[in-house]
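Presented below is the structure to which this report refers.
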Ligand SMILES: Nc1ncnc2c1ncn2[C@@H]1O[C@H](COP(=O)(O)OP(=O)(O)OP(=O)(O)O)[C@@H](O)[C@H]1O
Ligand SMILES: Nc1ncnc2c1ncn2[C@@H]1O[C@H](COP(=O)(O)OP(=O)(O)OP(=O)(O)O)[C@@H](O)[C@H]1O
Ligand SMILES: [Mg+2]
Ligand SMILES: [Mg+2]
């Protein structure tokens with residue numbers, strides 16, 4: 001089991017400091033939720049962790065490996081996967097193909113110019129099981145662009161699972177997953193607990209408090225609190241900045 | 001010598017290969033019209049039933065090679081006449097001449113084909129490319145210029161043109177410039193000319209480039225500097241440059257106002273039929289038609305005796321509008337060259353006009369490299 | 001030498017404005033509406049032919065210009081109505097194919113109507129002649145007029161695109177047509193008006209340069225690539241970029257073309273310098289574009305999507 | 001105000017809607033409920049003419065606008081907050097708001113009062129916003145068209161709880177000002193506080209409609225959509 | 001919305017079968033053409049056929065990157081040039097073996113594609129189109145200034161290449177069938193690449209490069225590899241064209257030619273491999289045919305192109321789909 005260690009990470013867009021000296025330890029196997037108001041810098045932080053955005057300062061390591069200067073694909077190879085807040089899939093591929101590509105990235109070389117990839121049972125089986133875990137196996141043969149919004153969210157999760165991550169960064173996985181389905185989705189995520197380390201960004205507080213072992217609160221790029229869900233929930237600063245009264249009830 | 005497949009039937013078939021589309025189409029059309037003027041007037045070229053097939057090479061050498069093969073192999077023509085451009089000539093030369101068919105170039109005259117690459121069944125009714133430039137060089141030399149500004153487009157013909165000019169000009173140069181092919185705006189070159197104030201400018205700017213240059217040359221108020229040119233000021237560009245070109249000088253083997261009977265007939269009939277003044281493109285193609293006519297008549301319509309046919313062509317027994325015309329040992333013409341000037345003609349059209357003769361019975365410099 | 005350098009710089013600026021004038025309509029249609037219109041060069045050519053015809057018929061440049069404008073509007077509207085509006089929502093490649101077809105149709109039609117010989121447009125009386133500039137150097141008045149016209153177009157377009165509602169809607173519509181229309185804007189009508197404007201600008205450019213340049217069937221094609229180069233160097237969708245791109249291309253072309261060989265001669269022997277200069281000369285603009293895109297993959301002022 | 005009857009729609013060969021009927025009256029708040037992929041978004045797109053219906057009718061204030069061009073439907077008084085935000089990436093925040101605005105009581109000023117965050121980011125391009133900021137922008141943009149009926153498709157997705165609460169408050173205020181609202185949202189609990197009626201869609205058909213009281217009284221539907 | 005690719009499918013597998021069938025039918029027709037032409041006493045068409053097949057190879061190669069990798073190269077004619085100049089250069093040293101010429105052409109192209117591809121791939125979309133154009137033009141101007149091989153005038157080849165010492169290419173039929181064989185070989189190669197793991201990654205990058213990076217692929221390596229492969233295949237077409245025309249010239253590599261290659265691909269149907277072969281045949285035959293009918297054939301050709309785009313979004317493939325002859329959708 002691998003943990004994630006973030007030290008003094010910062011990022012600015014022009015004059016705007018979006019993440020400001022963020023330090024965070026995610027223990028191996030832990031589900032660590034990051035909450036905070038819109039525009040606090042959560043997605044930016046995930047992008048820095050995954051290597052999509054270069055950081056201005058600070059370091060990131062998984063396990064005891066420093067990955068600060070690795071590219072996004074290299075980080076994925078080391079077991080760091082992410083999902084996107086704004087759906088990012090391959091629209092012209094079927095759901096199965098979307099996931100199979102993620103499997104392929106981890107298995108064998110992709111510089112194989114011969115052999116029919118669609119017929120590779122090894123890839124398809126692994127992809128099917130990832131789809132099943134995300135609850136999308138019955139839509140495997142549908143083109144991704146014809147899936148509904150909620151189905152896209154599951155596909156996001158399936159793709160991330162298929163990269164066989166050690167550390168999984170989930171950016172609002174529940175967004176768009178309907179009320180009825182949300183509970184099922186949360187319990188599905190619950191089954192992943194212990195399989196890998198998870199960083200979870202979510203505005204759905206029910207999900208956060210059901211899943212997270214610890215919660216960090218990011219406001220204007222700064223971490224203002226980290227702790228057990230109950231403690232964070234009752235923290236007046238957090239309530240004022242983020243939760244308000246209604247949702248806690 | 002091979003006898004082409006079509007030689008034995010009793011129809012005289014001629015294929016014309018010209019660039020009839022794209023911007024240079026004006027040149028190709030003049031050449032085609034010049035040829036057809038004679039062909040239609042006489043009806044039966046060489047006294048034989050005549051069939052003329054016109055093809056458009058689109059300015060593309062690979063396509064031209066195919067079309068030439070098509071003429072020779074499928075249509076079994078006896079003569080191929082054309083093209084305008086050297087690169088097309090290079091592409092069709094081998095496919096046509098290797099079958100024994102006669103190729104008559106009415107405009108392009110590349111040096112390789114005048115020298116080592118000469119063949120008995122390839123004839124030229126225009127000139128060797130360098131000659132026009134040599135005319136301008138000789139004129140500059142005669143005038144005693146010491147400081148001429150050379151400007152040509154950056155490609156093979158442009159390079160040859162500067163070499164040709166310097167072949168007969170020994171004075172100094174104020175600059176030797178290669179402009180971009182297809183350049184629109186010459187203000188930067190014109191600024192240099194204005195700054196250097198050379199004795200004269202020599203340029204070779206065919207087609208639209210020439211129109212642009214001439215217009216801008218006059219707009220920049222440089223007309224006091226003599227403008228010596230080749231293929232820049234001629235009957236294809238004058239309708240566009242009009243007054244701007246008046247007084248500019250060029251080199252040529254002919255001008256529409258030459259005074260001889262053959263020329264008067266040619267020019268009058270051409271203007272009557274096509275409503276513009278013919279240029280050298282038309283004249284040289286007209287001569288190709290006359291040439292074929294004279295040769296076929298000489299052999300009495302028997303195209304199978306190749307030696308006799310070649311000899312008949314080589315005699316060049318026809319009245320060229322340009323006056324003296326004969327073939328040298330490499331089947332390129334020996335003819336006179338003139339300095340010409342752009343004028344407004346009495347009939348209201350713009351055209352070139354003879355100023356003075358520069359070379360008399362002039363042959364090209366490659367003839368002695370030709371062995372055949 | 002210094003004099004010449006300054007003058008070349010000036011020439012570069014003026015060629016740049018000329019290029020911008022031609023590129024302006026393209027920026028609008030390609031950069032902002034996101035429609036690749038290879039027929040832009042054709043419209044430019046049609047503008048020149050129209051003014052040549054009208055000027056010849058009326059015997060006056062200004063009447064020719066005045067008559068050219070409504071004719072250009074008509075050409076633009078017909079083209080939009082018959083073909084272009086069916087292409088807005090299509091892929092760039094489809095647009096390339098269809099407008100490539102349009103280029104063939106239009107060039108052949110122009111050839112059939114006007115013949116293959118180049119035409120001439122007389123320079124208007126009051127704008128002919130030249131003003132003296134340092135030493136023996138003079139500068140044609142008409143070119144100054146073209147520069148002024150080019151600057152006016154630049155300012156007008158810049159304001160239109162960046163500071164008006166129409167500009168905003170255009171930029172919005174280029175990326176997301178259906179949302180714009182679901183918010184209550186008749187995007188089709190807007191696009192047709194703007195396409196027509198772009199077409200008129202192209203025709204106007206053709207008409208304005210006709211007295212300087214040759215009016216022939218190849219004129220559209222020879223500028224097409226250059227205007228695309230200008231738009232891409234500046235960054236697609238940026239009027240400011242197109243303007244600076246045009247200046248840059250022109251200056252590199254004029255100054256580089258003249259001083260490149262001179263500089264080369266200092267590091268190479270003359271023959272080699274001549275040869276290298278001949279090879280590099282025509283490539284300069286392309287080298288410039290490659291270098292800029294290498295350093296800034298979305299052009300000077302382009303936005304990375 | 002809005003009257004949808006027998007609506008059927010398809011993407012290519014696959015039919016998604018098989019007869020949707022419901023109405024939204026003047027000043028009424030109606031929700032569309034249903035699991036993922038059941039056809040809620042397709043219904044909205046069909047109303048707006050973004051998907052051309054195969055059968056059925058869409059009437060706005062009695063005028064039949066079935067399958068009309070989207071802008072005509074919008075001009076008839078409908079405002080649209082599309083699923084997935086769809087802000088214009090090449091426009092900045094302020095331009096996003098102004099581009100499609102129509103005059104009325106919603107002004108730039110009022111939008112900035114509603115979402116102060118947008119004012120702070122007014123010079124950012126549409127694609128330089130956080131997910132939640134984009135969502136605010138999409139809502140603001142629709143309000144700026146000053147519609148009589150606002151259609152919100154998952155408009156609170158990705159919004160922080162506090163902001164979400166603000167949106168609900170805003171919708172309540174809209175309602176009190178007499179505007180009609182058609183809303184798709186997973187937070188049905190919050191919606192029941194002011195929604196008048198609910199329409200449940202399943203596999204492209206309306207399987208249940210009723211008022212909030214009726215939901216509370218129908219155990220089956222209540223269990224599925226509410227936590228109360 | 002309007003991205004650079006038409007909606008070429010990612011679901012390669014089930015659709016491919018139909019296309020392969022269509023390709024096989026095309027190849028059989030090609031193989032039957034020469035005997036038919038002789039029977040009709042028009043053996044000359046064999047030579048035109050050779051040119052068409054050579055262009056088909058180039059169009060196929062372009063489709064590999066354009067259709068499957070969204071890399072619209074507007075400088076692909078440069079590779080036609082490298083192939084044909086490989087023939088000219090070697091033959092000027094007395095080397096006439098087709099194999100060596102192919103090898104030389106492919107090597108030149110690979111090097112050029114490696115360097116220019118690595119630079120071009122920093123950009124995307126229209127910027128990519130224009131930067132490849134820039135490199136294509138540089139190659140074009142380079143050959144124009146190459147006086148040793150005739151510069152702008154081009155360079156005539158006195159005879160065609162030999163194949164392992166045999167002069168099978170001297171006959172038009174021989175050249176035709178060798179070209180056809182190479183076309184089939186290149187089709188098989190491209191088809192297998194598209195169906196392979198590599199091909200799926202390439203297509204994935206076309207669909208969404210960010211997503212591909214996020215699952216562990218670095219797009220650059222795959223795109224560059226495909227770009228090089230495509231350039232090399234195009235140079236094969238160049239070698240054949242030089243033999244067909246017995247002439248090489250910079251005109252082979254002008255941007256017009258690059259544009260025509262794109263037209264062939266789009267006309268045939270982007271991202272179908274078979275389509276572009278059909279596109280090349282259709283474009284060149286139509287040109288030949290209309291050219292024989294009317295001096296103003298460009299007008300009619302243009303009208304044909306416009307109508308094609310307006311009424312059939314997926315080119316010829318689209319027409320066949322609608323007529324139910326080819327099936328590409330599930
Ligand atoms: N490319 C960019 N340029 C300038 N500012 C940016 C850019 N990308 C993001 N921002 C700004 O950075 C801030 C943080 O954005 P981020 O997406 O990280 O927020 P977030 O915490 O994920 O919010 P949400 O919960 O709404 O998704 C936002 O205010 C946004 O406007
Ligand atoms: N563009 C499309 N092409 C083909 N099918 C589509 C397309 N968009 C949606 N679908 C299909 O239509 C069905 C209904 O989709 P719709 O988006 O209307 O669902 P929804 O109820 O809004 O779901 P969600 O809550 O997930 O947004 C789904 O099965 C989906 O796969
Ligand atoms: Mg976010
Ligand atoms: Mg939906």
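Glycine is treated like the rest: Cβ placed from N, Cα and C.
Of all ranges given (E:27-48, E:49-70, E:203-224), TrEMBL attaches the label transmembrane segment to E:49-70. Of the candidate ranges E:77-95, E:153-171, TrEMBL annotates residues E:77-95 with the feature transmembrane segment.
Ranges compared are E:6-24, E:101-119, and TrEMBL records transmembrane segment for E:101-119.
Of the Cβ pairs linking the transmembrane segment (E:49-70) with the transmembrane segment (E:261-285) and spaced 6 or more residues apart, 3 or more are under 8 Å, so the two regions touch. Same-chain neighbours of the transmembrane segment (E:126-149): 4, 71-78, 81-82, 85, 88-89, 92, 112, 116, 119-120, 155, 248, 250, 253-255, 258, counting only residues six or more beyond its ends whose CB sits under 8 Å from a CB of the stretch.
Residues 12, 16, 20, 23, 27, 30-31, 33-34, 46-47, 49-50, 53-54, 56-57, 60-61, 63-64, 68, 98, 160, 163, 168, 202-203, 226, 229, 233, 236, 240, 243-244, 273-274, 277 of the same chain lie 6 or more positions beyond the ends of the transmembrane segment (E:174-194) yet place their CB under 8 Å from a CB of it.
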